[in-house]
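Some features that TrEMBL has for this protein:
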COILED    66-152  coiled coil
DOMAIN    24-55  domain 'Mnd1 HTH'
DOMAIN    131-184  domain 'Leucine zipper with capping helix'
Amino acid sequence: MSKKKGLSAEEKRARMMEIFFETAMSVKEVLQSLVDDGMVDCERIGTSNYYWAFPSKALHARKCKLEVLESQLSEGSQKHANLQKSIEKAKIGRHETEERAMLAKELSSLRDQREQLKTEVEKYKECDPQVVEEIRQANKVAKEAANRWTDNIFAIKSWAKRKFGLEENKIDKNFGIPEDFDYVD
C-alpha cells in the first residue's frame, strides 16, 4: 500500500482558486447555511465579513444539546412514573361489582332525565318573566325607532311640499307611502 502524497502549497492555491471561480455562489450559500445553523461564526468588521469555526465550539454545542435532551428524558420518565402511580391509585376500589354496575346504570338514567328536563325548560323559556321583560324592552326600543323614522318621513314630506310645491298625495304615491301611514301606538 502506498501512502497518499500531500499537495504542495501551489497545488492547494490552485484548487482554492478553482473553487472560487467555479462554485463561488454555491460556496456562499453553503457558508450562509452553516452560519444559520450556528456551526460557523461570522463577524462584520468594516466592509468585510470574517468567518471562523472552532472544533471545540461544535463539541460544546453538542454537549449542551445532549444535556438538554437528557434532562427532557428524565422529566418525561418522571412524568410517566407519576402517571403510572396515578393509574394504580385510581384502580383501587374500582373493581366491577354488582353495586358499581347498579350505580353506573342509575347515573346514566339520571343524566338522561336531566337532558329531558333541560329540553322541557327550553320549551317554556318564552314564558320566563325575565325573557318576557327583555322582549318588552326590545319592543319599546323598536317602537321608539319606528316613530323616529315616521318623524323623519313627515319632515321630508313637509320639506318636499315647501321646496317643490308637491301635493301630499303625489308624494305618498310616488314613494309608496300608504294613506294610513302614522305613528305606532
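Every residue gets a Cβ built from N, Cα and C, even glycine.
Note that TrEMBL annotation is computational and uncurated.
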- Query: Per DSSP, how many helix, strand and coil residues does the domain 'Leucine zipper with capping helix' (131-184) have?
  - Reply: 42 helix, 0 strand, 12 coil
- Note on the structure: Spatial neighbours of the domain 'Mnd1 HTH' (24-55) not adjacent in sequence (6+ beyond its ends, CB under 8 Å) are 61
- Note on the structure: Per DSSP, the domain 'Mnd1 HTH' (24-55) contains 14 helix, 10 strand, 8 coil
- Message: Considering every residue in the domain 'Leucine zipper with capping helix' (131-184), what is the mean pLDDT value?
- Response: 89
